[in-house]
Amino acid sequence: MKVLFIGDIVGNTGRKAVKQLLPELKQKYNPHIIIANAENAAGGRGVTGAIVKEFLDLGVHGFTMGNHTWDNKDIFEWIDEEPRMVRPANFPEGTPGKGHTVIKANGKELVIINLQGRTFLPAIDCPFQKADDILRGLGKKPRAILVDFHAEATSEKIAMGWHLDGRASLVVGTHTHVQTNDDTILPNGTAYLTDVGMVGSREGVLGMEREAVLRKFRTQLPVRFVVDEGKWQFHALVVEIDEATGKATKLDKIRIREGEWMMS
Ligand SMILES: [Fe+2]
Ligand SMILES: [Fe+2]
């Protein structure tokens with residue numbers, strides 16, 4: 001089976017890019033299941049029910065989140081009833097929502113798991129142990145499993161790749177918004193990429209207006225970041241998974257820049 005995974009979609013600029021590109025990408029790659037990280041989809045902070053609906057209508061089947069999960073309060077209204085969204089599984093006990101779920105589409109089944117790193121991010125529960133707990137609960141039968149590890153430090157992400165090698169089909173990083181060039185299939189069959197990159201403006205800083213970010217760096221004063229409306233860039237990946245074994249057979253990075261149309 002083929003899975004298309006789209007990195008952090010940042011605000012209106014990112015949503016515009018997804019809307020524009022998805023029909024073409026579906027044609028080119030024929031993915032059975034499409035998953036997107038939606039933690040920045042609403043003005044860079046969190047996501048709303050209306051935006052989730054917008055993505056579902058475009059053909060996205062499931063969503064992962066991250067440290068911005070709770071930034072838009074709208075999410076508290078529906079996350080417990082939304083079966084297609086996961087937030088980091090290692091958030092404290094009692095947090096709304098869930099950390100893993102099964103996405104079914106086009107006759108295929110994909111387990112999606114969201115975890116968050118603890119290096120340069122809040123000290124939540126251990127993502128490595130939480131991954132073990134979830135995988136234990138899923139049983140021994142081989143399954144297609146996608147892990148979105150939302151983390152800052154490349155070392156923590158690489159370590160998670162090794163930790164889950166042979167136990168997940170894909171371990172992909174999100175959160176840093178910049179696509180890394182270390183895509184590989186680990187020795188025991190787990191496809192791995194440290195960060196898939198974001199979908200948002202390429203004229204700002206990580207999707208936000210550069211002037212505000214620069215002001216913050218220069219003055220250290222509190223600044224309100226706003227989504228940049230410049231030309232977009234789109235980052236995603238396509239992974240092919242052998243359902244009989246749960247192992248990945250192929251990983252393709254996707255990087256497209258508005259006005260350049262570079263596909264790799
Ligand atoms: Fe993000
Ligand atoms: Fe993040």
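Quick reminder: no glycine exception, Cβ is built from N, Cα and C everywhere.
What TrEMBL says about this one:
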BINDING   Asp8, Glu39, Asn40, His177  Fe cation 1 binding site
BINDING   Glu39, Asn67, His150, His175  Fe cation 2 binding site
ACT_SITE  His68  active site, proton donor
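The Cα of Asp8 (Fe cation 1 binding site) lies closest to that of His175, out of the recorded positions Asn67, His68, His150, His175.
In the three-state DSSP classification, His150 (Fe cation 2 binding site) falls within a strand.
Ligand 2 lies under 6 Å from the Cβ of Asn67, His175, out of the binding-site residues Asn40, Asn67, His175, His177. Taking the C-alpha atom of Asn40 (Fe cation 1 binding site) as reference, the shortest distance to any of the recorded positions Asn67, His68, His150, His175 belongs to His68.
Sparsest Cβ environment among the binding-site residues Asn40, Asn67 (other Cβ atoms counted within 10 Å): Asn67. One way to see the shell of the Fe cation 2 site is to take the Cβ centroid of Glu39, Asn67, His150, His175; the remaining same-chain residues with a Cβ within 8 Å of it are Asp8, Asn37, Met65, Gly66, His68, Thr69, Pro88, Gln116, Leu121, Ala151, Thr174. For Glu39 (Fe cation 1 binding site), the nearest of the recorded positions by C-alpha distance turns out to be His68; the candidates were Asn67, His68, His175. Apart from Asp8, Glu39, Asn40, His177, the Fe cation 1 site neighbourhood in this chain, defined by C-beta within 8 angstroms of the site C-beta centre, holds Gly7, Ile9, Val10, Asn37, Ala41, Gly44, Gly66, His68, Thr174, His175, Met198, Gly200, Leu206, Gly207.
Separation of the C-alpha atoms of Asn67 (Fe cation 2 binding site) and His177 (Fe cation 1 binding site): 13 Å, rounded to the nearest whole number. Checking the binding-site residues Asn40, Asn67, His150, His175 for a CB within less than 6 Å of any atom of ligand 1 leaves Asn40, His175, listed in sequence order.
Here His150 (Fe cation 2 binding site) is positioned 10 angstrom away from His177 (Fe cation 1 binding site), judged by their C-alpha atoms. When the alpha carbons of His150 (Fe cation 2 binding site) and the residue listed as 'active site, proton donor' are compared, the span between them is 10 angstrom.
For the recorded positions His68, His175, His177, the largest tally of other C-beta atoms within 10 A is found at His175.
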